[in-house]
Amino acid sequence: MKLALALSLIASVAAAPTAKLANGDTITGLNAIINEAFLGIPFAEPPVGNLRFKDPVPYSGSLNGQKFTSYGPSCMQQNPEGTFEENLGKTALDLVMQSKVFQAVLPQSEDCLTINVVRPPGTKAGANLPVMLWIFGGGFEIGSPTIFPPAQMVTKSVLMGKPIIHVAVNYRVASWGFLAGDDIKAEGSGNAGLKDQRLGMQWVADNIAGFGGDPSKVTIFGESAGSMSVLCHLIWNDGDNTYKGKPLFRAGIMQSGAMVPSDPVDGTYGNEIYDLFVSSAGCGSASDKLACLRSASSDTLLDATNNTPGFLAYSSLRLSYLPRPDGKNITDDMYKLVRDGKYASVPVIIGDQNDEGTIFGLSSLNVTTNAQARAYFKQSFIHASDAEIDTLMAAYPQDITQGSPFDTGIFNAITPQFKRISAVLGDLAFIHARRYFLNHFQGGTKYSFLSKQLSGLPIMGTFHANDIVWQDYLLGSGSVIYNNAFIAFATDLDPNTAGLLVNWPKYTSSSQSGNNLMMINALGLYTGKDNFRTAGYDALMTNPSSFFV
């Protein structure tokens, strides 16, 4: 028995997977039986000290002979800061706050820029498998690859006969990754979190062949903030997605997120948050505020960050930290860049959940009257004229039967304004942004989806980020799209090669004849038209910059 156990352990050690990096270093990963994983590989120098808030610097140390068998730490996280806990019963609250996406992610460190590669068992260099590069979500405030396990997707790809390699890149969030303000603009350090992602893509281009991946077959995909990040990489450098003369990616998948409705790095709100952050960190009177911030402790910066509003605060989707036009890599407002055709021309999938706004509507339950709703919208959308606010409120009336969660009649109106505000927030940030993108993007084949899988769920409906449950943890009709169809798209640039029971139609415009959406519900898949809430679309998208934050 002891001999058999010893031989088993020897065989296990001998079976540990290896990969050779572009610089000649050989690293060892973890044999997880159903897959092989290389976890926590550094791709950038620690962004600490003088590198804090700055562009990432490629990692220059030797990794030869090292083992990468566990995830690296999460980047520093902001407290999402909810105000609704005492106002709402436990049913919906538990659903939101106990989900992995909204739980605190530990351990945390500023030294966090690592990348994870998971491949089918037995994959060797030369296999040239398609690569799916995941960008996690979390409102640009929280998140980590550790809460989005790729095992289900990689295993399904093997069962489908379309094996892929899954890569997940860590990136700085909150103040560490998306601090704005005049000082940041002057230094050219804006959007550091996006630059982390971009450097991770370059690492993949240089090294993935040594793991058995094909650097010419990379699909970038993400959810929520990750989805918006994918859009940012489509328009990065006015659409130039090349590195060393070759494209960094050949396709994109966006799950709940497109253009970020944001003012420039040196805009009014970015400076307001910067001033609050600097003051909270004790650097308000410093002659060189950034130098002061770079000398502060991590705990000091964490406290200062948590003193700014999170996405579950009253200000909700008026986020403190998010990608902003910087005049360098994101050269203009994102809607204009898409409208002007300044994007990488690649095939895309983009889709939404039917009730994207309900989570964010929970933070304004003290808004109960029509007058208070108007004041809330005026405070949230400082660029909108009185006439534009009037048009918005007419398109999204107080009538609870028209609000979100949609198609629920008089039910789920936990306040007279909850369903109304939820509808506006969900449509602005997700639903109508997706439709705007699809109506203007002409860079490649387009597919779109809309899920109503949880339409019977009280208060929340088919809420934002529920797709992660089906993508990473459970099976069901959603999983067929978020796994099988996405894998087929990454492999063949056509989701229909997954053998879907319903043909997924191509999307040309929201007014095209015939169906243009793949619809998901609890019973299965069907197709539909992207022609709902047109008055809301017109109110929000006729002049999108009026609703920038």
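Cβ atoms are placed via backbone N, Cα and C, with glycine included.
Of the candidates ASN306, ASN366, Swiss-Prot records N-linked glycosylation site for ASN366; the remaining residues carry no such annotation there, which does not rule it out for them. Counting only residues at least six positions away in the same chain, the Cβ atoms of GLN108, SER109, GLU110, CYS112, LEU113, SER144, ASN170, TYR171, ARG172, VAL173, TRP176, GLY177 sit under 8 Å from the Cβ of CYS75 (disulfide bond). Neighbour counts of Cβ atoms within 10 Å were taken for the recorded positions CYS112, CYS283, CYS292, ASN329, ASN366; the minimum is at ASN366.
Reported as a whole number, the C-alpha separation between GLU356 (active site, charge relay system) and SER224 (active site, acyl-ester intermediate) equals 10 Å. The CA atom of ASN329 (N-linked glycosylation site) is located 28 Å away from the CA atom of CYS283 (disulfide bond). Recorded residues HIS464 (active site, charge relay system) and SER224 (active site, acyl-ester intermediate) have their alpha carbons 8 Å apart, per Cα-Cα distance.
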